[in-house]
Amino acid sequence: MPNNKVKENPMSLSPGAKFRLAVKTHHPLQIVGTINPYCAMMAKSIGHQAIYLSGGGIANASYGLPDLGITTLNDVLVDVERITNACDLPLLVDIDTGFGGAFNIARTIKAMEKAGAAAVHMEDQVAQKRCGHRPNKAIVSQQEMVDRVKAAVDARINPEFVIMARTDALAVEGMDSAIERAIACVEAGADMIFPEAMTELKQYEQFSTALRSATGKPVPILANITEFGQTPLYSGEQLAAVNVDMVLYPLSAFRAMNKAAENVYRHLLEHGNQEALLDQMQTRKELYAYLHYHEYEDKLDQLFSQPS
């Protein structure tokens, strides 16, 4: 029999639905960190299907602060809105611990939806959190994390908006606790799971198997492949083989940008001229291409050209 089902048009989908579709159709889905709107535009033009805004990245790049839970909801919203206004790729946003108790979490979720985010991840660290790949992390009780998830799920307007639960329990309480927390979060309504700072490839498969067994359904799992952290830099192929659905590169481009800027600043101070660095720079033409600069110029000419 012919298949008469209408194929979904990604352009007509909500941000959350776009994210879910991307997870469903890519094995695994690459999610790349975009620290600002221009980076998001580049990622889309190059061909990526989903983007990410790191809480640590916001603290570092937008406020000159360490990733220690210092930034606020409003700090994050500024960058979310800038990115979603410039790029329609589904955006996953790091909301740390939710920015407070149940009503604060509800406010966070509603604000993220309104700002155009597709998904958020929220973790089980204490409010005075640390980077997920640093020592001495502390986590809240499993029940408190479950309550956070319930508050988030209850607050969302569009059921397609994605609530992803992150657990940092592996480094604090071990694998059994991390899996138990993940199961409890899914039972509380979390759509996807982010097991942070895994140290062995097989651990992802353990999560996947345990979640499917406990919930009776496949639960999408994210692997955070951040540089210089606790997790080895596994390839997408390796991760797909252990049932990872999403591979996150949260700050890869940001770190490369920072190193390039550092080299330019040092070179200018030492040599007083940048000519030797031109082959390492994006050209004006390349810059303009991502911005569609000439289309703006043409519009100006059309609007304000003088009659001959």
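Using the three backbone atoms N, Cα and C, a Cβ is placed for every residue, glycine included.
Going by Swiss-Prot, these are the annotated features:
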BINDING   S54, G55, G56, C131, G132, R166, E196, N224, I225, T226, R255, R284  substrate binding site
BINDING   D94, D96  Mg(2+) binding site
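Annotated features taken from Swiss-Prot, shown on the structure.
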| residue | record | DSSP class |
| --- | --- | --- |
| S54 | substrate binding site | coil |
| D94 | Mg(2+) binding site | strand |
| G132 | substrate binding site | coil |
| E196 | substrate binding site | coil |
| I225 | substrate binding site | coil |
| R255 | substrate binding site | helix |
D94 (Mg(2+) binding site) and I225 (substrate binding site), distance between Cα atoms, whole Å | 15
Relative to the Cβ position of R255 (substrate binding site), how many further Cβ atoms are located within 10 Å?
-> 15
Rounded to an integer, what is the Cα-Cα distance in Å between G56 (substrate binding site) and D96 (Mg(2+) binding site)?
-> 9
Rounded to a whole number of Å, the separation of the Cα atoms of D94 (Mg(2+) binding site) and S54 (substrate binding site) comes to 5
Integer Å distance between the CA atoms belonging to D96 (Mg(2+) binding site) and R255 (substrate binding site) = 20
Within 10 Å of the Cβ of D96 (Mg(2+) binding site), how many other Cβ atoms are there?
-> 26
Sorry to bug you, but what's the C-alpha spacing from E196 (substrate binding site) to D96 (Mg(2+) binding site), rounded to the closest Å?
-> 12
